[in-house]
2 protein chains.
Amino acid sequence: MTPFKLSDELLEEIRSLVESKSDQSLLELMSEFHYADIAEIIDELNLEEGTYLIKLLDTERTSDVLTELDEDKREQILERLSAREIAEEIGELDTDDAADIIAELPEERVREIISQIDDRQHARDIVELLRYDEDTAGGLMAKELVKVRESWNVLTCVKEMRRQAENVTRVHSIYVVDDEDKLKGRLSLKDLLTTSTKTQISEVYIPKVDYVRVEDKAEEVARVMSKYDLEAVPVIDEIGRLVGRITIDDVVDVIKEEAEKDYQLAAGITQEVEADDSVWQLTKARLPWLVLGLLGGLGAVFIMEGFEEVMSNPNYRSLFFYTPLIAAMAGNVGVQSSAIIVQGLANDAVKGSLLQRLIKEVSLSLINGGALALLVIAFGFLINQPLEVSATIALSMLAVIVVAALIGTFVPIILDKRGIDPAIATGPFITTSNDIFGIFLFFYIAKVILGF
Amino acid sequence: MTPFKLSDELLEEIRSLVESKSDQSLLELMSEFHYADIAEIIDELNLEEGTYLIKLLDTERTSDVLTELDEDKREQILERLSAREIAEEIGELDTDDAADIIAELPEERVREIISQIDDRQHARDIVELLRYDEDTAGGLMAKELVKVRESWNVLTCVKEMRRQAENVTRVHSIYVVDDEDKLKGRLSLKDLLTTSTKTQISEVYIPKVDYVRVEDKAEEVARVMSKYDLEAVPVIDEIGRLVGRITIDDVVDVIKEEAEKDYQLAAGITQEVEADDSVWQLTKARLPWLVLGLLGGLGAVFIMEGFEEVMSNPNYRSLFFYTPLIAAMAGNVGVQSSAIIVQGLANDAVKGSLLQRLIKEVSLSLINGGALALLVIAFGFLINQPLEVSATIALSMLAVIVVAALIGTFVPIILDKRGIDPAIATGPFITTSNDIFGIFLFFYIAKVILGF
């Protein structure tokens, strides 16, 4: 496939076609593109142009385009469509995508849209999905699935499946339920086709089936599906009834978002912002973390004021030259330790006792810190610094590194144990506290050794 | 599904069963577990115990277990198996998993193993896959797929499909090729079943099909599959011949690894290390970045030495208290800017001209920096600092923030344009250079304003 590349020329062409209302040429041009590419185009167009395109194209295509649009853009475009138009769009979509699209709209509007959907079963299914939190299995699942009863025979089953499969784009699995709709197992297509038509389903189905619960967290669903290589997983409610299914493509988005969120937190950015968001949105996402860093820096100012008289001592004043170094080391070590732990927690790969981890982190930071301390002493020779000063700096840096590693390791573990997302303890939070702590420790140890 | 949780008790039980060679009880116990769970167990056992389990269980199960094992553990276990045993294991696997498992072994060993595989076609397919770089479409793909010729009629096609499907666990798509094996399109199962058996395939197939090239980067494959919601994608070689197919579950791993790699780089950790790796591996991954940070800190020492005489001036010596603050701001802003750009580049979401981006970053950092500058001035009042000093600090901090944002934004963009992974420009690299640059700028501007 020649990769689609949205060029300025193409955008210009589309813009001028929209302006001149050349519908036929637009339709022809668009017919070549995948709906995900059309979404990319509309994300770049202004609101009028985008809405024009959406109204021009078939609902069969635009419904898919809507699912791929940037959320803000989608909301704005939906505001310009009538309830009837939106109902037609989401009538084309699977229930999970339909619910995602209207979930953000005002309640009143949602009711209006739902009432305009022709297929009432589809409407009821969407309403049901709207009830679930978007970060749970219920929020990810779709109602479209193929299910058969264990009390049926193979013939009834095949007939029923044909009917159900019409609404399902891709059959991942056939689920078996009892008369109360409780999930009992799954059925292999092969067994179904090679068994006599009079055989009861209860005799041929596979009772072992992986499932998730409707209230399970989205990340847990992602973990289970990727660990067990599942392409689809059934969802059951509190009393074991089959209520939906989640496919791997929905989970890919969860995995990506999760990774991006952790990455952004580590970089000191809240909310899911993108490079192309507005200056205002970016400010909101970035400023709070910078203020945190600023407060840390001001804290360091306070601490150093307490040691101001050292500046009058020509032998020891050079200690102040090392404060950015100490802060950087404390910050870097803290971020490294916390990143490894946060990733380990996310992948369920942190094992062993806290004591073992303590020993490991201490030995690790002694090795790293020892190597760095030697470099600092060598540097001291180079710039003719008194050995006692170099040694003091090296030693206190080593202490700072050990403490920073311990804070970086155990703060996320403690947060995780208390049910708080440990990812907030990476990035600015850890660097700021480690900065203050490191600088205090540095001067304090120097004071004890050098006796000023 | 009750989530599998590897408890210490379970591990102890398995250990003692292995020690007492209670094969029957072990087999019974293991029969309850998913292969991914067994892999988790073996990752925790020592080498002897793990190898014992692998040799005890059916190859049908252990082959899957091998694919899920931690790489280091797998290599060590494979060393303890004979070529014949490994051949039996990989004989059970799809070609892509088989190739992944033996790819890391010495060439001589691989030859020996391949020669012991009974199914010669399977062996040839694996050898072909070993040729490709693991970070490309060729390295991800499997040879198992269902393909039919456009010159066949529906009847031949169905017969051939039945034969081929035996080797394919899940049929994602039926691909249509010409007599030279060139990919022409795909076939829907529905069309195939509803068309007369004498119809030629060339009359019913869908000529539009997404594909990737064998030399495409793994990340590009992941981007295409997740953008276009593909569950499987065919792979063609240089001259358009169908050579394999990639399924979404393989790509999920790529997406996860990619995100984790970027995250680790941002945190200053090279290589893919995990919390449970050895102290030595963790040191190798962390120390180089700390040395980089140290060099940056020592650079700052040099710069400050040049301003040492300021310490003798009681009015201005407090400037030195602010160096960790300046370094932290320069570092935080740089990391924020670079993280947003790196993520945007990865998602192909960085659009518009460089000039637009320049204007945006400058206005963003003027807003953020302005707010922070006001806080610094307010703080100055609180601690009775002369206004000229506070204002100087605030102003130079503002300048540092603007420069740091520009460096954080444009270094990744420039690296990306030159084909270098922009993710290396996040984390320690950007914080270190911004530290030095920031502190120099801070003192230089202060010198100009205060005239010392």
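From the backbone N, Cα and C atoms, a Cβ is placed for every residue, glycine too.
Unlike curated records, TrEMBL annotations are generated automatically.
Under the heading domain 'CBS', TrEMBL lists A:141-203, A:205-261. Per TrEMBL, transmembrane segment is recorded for A:287-307, A:319-342, A:362-383, A:389-415, A:427-446.
Comparison of A:319-342, A:362-383, A:389-415, A:427-446 by number of C-beta pairs under 8 angstroms to the transmembrane segment (A:287-307) places A:427-446 first. Counting same-chain residues at least six beyond the ends of the transmembrane segment (A:389-415), those with a Cβ under 8 angstroms from any Cβ of the stretch are 315-316, 318-319, 322, 325-326, 329-331, 333-338, 341-342, 345, 350, 354, 357-358, 361-362, 364-366, 368-370, 372-374, 376-377, 379-381, 421-426, 430, 433-434, 437-438, 441-442, 445-446, 449-450.
Mean pLDDT of the predicted structure over the domain 'CBS' (A:205-261): 89. DSSP places the residues of the domain 'CBS' (A:141-203) in helix, strand and coil in these numbers: 21 helix, 17 strand, 25 coil.
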